Amino acid sequence: MPGTLDHFRADEYSPYHFFSSEEWAKFRADTPLTLSADEVKRLRSLDDPIDLDEVRRIYLSLSRLLSSHVEASQLLFEQRNRFLNMGDVNKTPFVIGIAGSVAVGKSTTARILKELLARWPSSPKVDLITTDGFLYPNEVLRRENLMERKGFPESYDIGALLRFLSAIKAGQPNVKAPRYSHLTYDVLPNEFTVIDQPDILIFEGINVLQSRDLPAGGRIVPIVSDFFDFSIYIDADEDFIHNWYVNRFMNLRQTAFRDPNSFFNRYASISEEAALSIAEGLWQNINLKNLRQNIVPTRPRADLILRKGENHLIDTVALRKL
């Protein structure tokens with residue numbers, strides 16, 4: 001099927017090493033489990049069944065791998081400083097990009113990794129930013145007739161996003177990232193998260209691995225992933241993601257949508273049949289199109305692919321060869 005991990009041939013000439021979840025779990029070695037069941041429950045998103053067993057199977061090995069990349073980056077930084085005779089300068093943050101479809105579990109992965117990586121001695125300060133804050137405000141999207149394209153590449157203020165990442169990788173202190181409200185479904189005016197020289201910055205969003213056409217005139221323009229030191233893609237079959245998205249929408253009708261301030265409050269009081277029809281329409285007309293056109297094509301650019309089965313748990317890991 002197009003859009004599945006089988007697109008990559010698991011042979012000696014594949015750009016990836018492939019591991020089952022059981023094989024991957026062995027790379028944990030003696031990495032201690034530092035999260036409790038209550039912490040995992042707090043960190044996971046609605047309808048995401050991740051538990052301590054999944055953290056043991058997948059995320060401890062992943063945090064160990066990422067920590068070794070961070071330590072290697074720090075060692076290279078020190079060696080380069082000696083080579084350049086630069087003296088005492090601060091290392092810029094190690095940036096991890098996390099991409100994948102809506103409802104696939106990017107946010108849970110990002111939050112779990114943030115907690116685990118912050119407990120490694122090489123990276124005590126870990127921050128997390130999502131691309132949601134870099135969406136254009138709804139007022140702009142309506143004016144440009146882009147509300148039905150929200151989440152597509154053109155709905156983001158790419159200039160602001162690139163300026164943010166450029167400042168982070170330049171080592172600037174107190175870099176501001178705009179904040180987003182999932183309640184109001186809009187960017188919060190004049191509200192920011194301040195990122196102050198962390199050891200690691202996790203940058204999560206559906207299209208963070210997207211490339212772009214070369215501009216006319218040959219002018220060099222960076223892309224978001226140019227600023228990443230490591231990238232992760234969360235993968236699953238279309239049918240699974242479809243079911244997760246619709247189930248999440250229906251469950252939100254009983255929770256967040258009931259808030260009078262919710263952008264989606266109108267869906268809380270309609271019939272279940274009508275709500276299901278709306279969820280299916282949103283999936284078919286917006287999210288599935290974005291997945292096929294803009295998200296899945298970025299998957300081969302990831303350093304690591306975490307592939308989920310129908311139960312929302314990871315069953316295969318693909319790690320790019322060095």
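Note that Cβ sites are derived from N, Cα and C of the backbone, with glycine treated the same way.
Over in Swiss-Prot, the protein carries these features:
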- Gly100, Ser101, Val102, Ala103, Val104, Gly105, Lys106, Ser107: ATP binding site (BINDING)
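Counting other Cβ atoms within 10 Å of each Cβ, the lowest count among the binding-site residues Ser101, Ser107 belongs to Ser107. Put plainly, the binding-site residues Gly100, Gly105 were compared by Cβ crowding within 10 Å, and the winner is Gly100. DSSP assigns Val102 (ATP binding site) to coil in the three-state reduction, outside any helix or strand.
Among the listed binding-site residues, namely Val102, Val104, the Cβ with the most fellow Cβ atoms inside 10 Å is that of Val104.
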